[in-house]
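Engineer: Got a structure for you, written out below as structure tokens; questions coming shortly.
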Amino acid sequence: MLSTEHSKCNLRRQLRRMRQGLDAQTRARAATALGETLATLPILADTLHIATYLAADAEIDPSTGIDKLREQGKHIYLPVIQQDSSLCFAPWVKGEPLLPNQFGIGEPESGAALRSAREMDAILLPLVGWDGTGQRLGMGGGFYDRSLEKAQNVIKIGLAYDLQEVRSLPGEDWDVRLDYVLTESGLLALNAATG
């Protein structure tokens, strides 16, 4: 267990450095390409409630695609960290003020409008690394794994740069696998039985 955690920490550090090493122009081109594909994904055609994230730490930025999905009438949500370290999702109206959470990432003022992961049709997940089996390496907090463990029928799409793919990631019993990964090069179906 300790060696697995140690290897995940080292890999996380290495992949974050690679992602942060991309110049602004490369990141912008990748985000535009990802956004164009995201807005036209057939797997999202019949969805209404889509959770996304605000890019931080040089994550690939889904905002171009999210804006287009919103224009198609999709309801867009952002994660809100709960006291039990799980995530709920609050409606996000672009331009409304966001409150920084403990990591400095903006969250909508939630009130009674929070929804569970099970209530989403699709969730777009940030990630640090991924492999061809759908294993996802996040930032290490387990927020998405805790939130998605009872949301098997939700379409789970990891968003990443091509360079974040690794041959194999160590996994734990509680890890929730991705159904798809979308990069600047296109969509990859991994465990798409739910999609």
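The backbone N, Cα and C atoms fix where each Cβ goes, glycine too.
In case it's useful when we look at the structure, here is the feature table from TrEMBL:
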type	residues	note
BINDING	Lys8, Cys9, Asn10, Leu11, Arg12, Arg136, Leu137, Gly138, Met139, Gly140, Gly141, Gly142, Phe143, Tyr144	ATP binding site
BINDING	Leu54, Glu59	substrate binding site
Engineer: Taking only the Cα atoms, work out how far Asn10 (ATP binding site) lies from Glu59 (substrate binding site), in Å, as a whole number.
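Structural biologist: So the Cα of Glu59 (substrate binding site) lies 18 Å away from that of Asn10 (ATP binding site).
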Engineer: Just how many other Cβ atoms lie inside 10 Å of the Cβ on Leu54 (substrate binding site)?
Structural biologist: 17
Engineer: So how many other Cβ atoms are close to Phe143 (ATP binding site), meaning within 10 Å of its Cβ?
Structural biologist: 18
Engineer: Let me know how many other Cβ atoms fall within 10 Å of the Cβ of Lys8 (ATP binding site).
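Structural biologist: Other Cβ atoms within 10 Å of Lys8 (ATP binding site): 19.
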Engineer: Quick one: pull the CA-CA distance for Phe143 (ATP binding site) versus Leu54 (substrate binding site), whole Å only.
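Structural biologist: Phe143 (ATP binding site) and Leu54 (substrate binding site) have their Cα atoms 15 Å apart.
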Engineer: Can you give me the Cα-Cα distance between Lys8 (ATP binding site) and Glu59 (substrate binding site) in Å, rounded to a whole number?
Structural biologist: 18
Engineer: Should Leu137 (ATP binding site) be counted as helix, strand, or coil on the basis of DSSP?
Structural biologist: strand
Engineer: For Leu137 (ATP binding site), what residues in its own chain, 6 or more apart in sequence, show a Cβ-Cβ distance under 8 Å?
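Structural biologist: Those within reach of Leu137 (ATP binding site), by Cβ under 8 Å and sequence separation of 6 or more, are Lys8, Leu11, Arg12, Leu15, Leu127, Val128, Gly129, Trp130, Val166, Leu169.
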